[in-house]
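Structure first, then comments.
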Amino acid sequence: MAKAPTLHPLARPLSLDGGPAGVLLVHGFTGSPASMTPWARHLAAQGFTVRVPRLPGHGTTWQEMNRTRWEDWYAEVERALDELRSRCDHVAVAGLSMGGALALRLAEQRTSDVDAIVLVNPAVNIVDRRLVALPVLRHVVRSLPGIGNDIKKTGVDESGYDRTPLHALWSQTRLWADVRANLHRVSQPLLLFRSTEDHVVDPSSARIILAGVSSAVAVEETLD
């Protein structure tokens, strides 16, 4: 039997119990719960019940992540949503980068269970001609150099991978297509934060989201 990959100590899922208002925080592609922990603890200090799940294949090795697909990641955030709904009267879902795409899909598919959405540099699209070769390239090359850590604040480590697993990346593009096709189903209040300096997420994603959702309240804020 193959030995299970070692979980990074900062990548463990986080559960913080509080009041009847819940917040589900979803980390990004190749990242881990470590990137959301400061936010989670801040919310918990305000009395919220918070859950930060670890997406399958994250927080261990990029090789393990290459064996997972977007359906696996979505199943985990849906499980966390179910757990929050069982104990909270209201639940907001917040996502970082790809976590934003997963948050949007929850809002699309579980309309009555998601009361509000907060997106931080959400990714649902990328303008990169190199991705045209991805369906074939992923069968030839297993990974490419990755960002690893793209948090601007010094001294903060999101415990991400230094390689980008290409099978998983291809699956992420399938997630994006699914989310984009159903944006009109998003009607919850939405707050979108977009950094003026982002090395990963194409700015077209924010435009696509804001133009596609049906939310009566959809606010965009810029982060320096």
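Cβ coordinates come from backbone N, Cα and C, glycine included.
What TrEMBL records for this protein:
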BINDING   F29, M98  substrate binding site
DOMAIN    22-216  domain 'Serine aminopeptidase S33'
SITE      I147  site 'Important for substrate specificity'
Grab the pLDDT values for the domain 'Serine aminopeptidase S33' (22-216) and give me their mean, rounded.
91
Please report the three-state DSSP label of F29 (substrate binding site).
coil
M98 (substrate binding site), DSSP three-state class -> helix
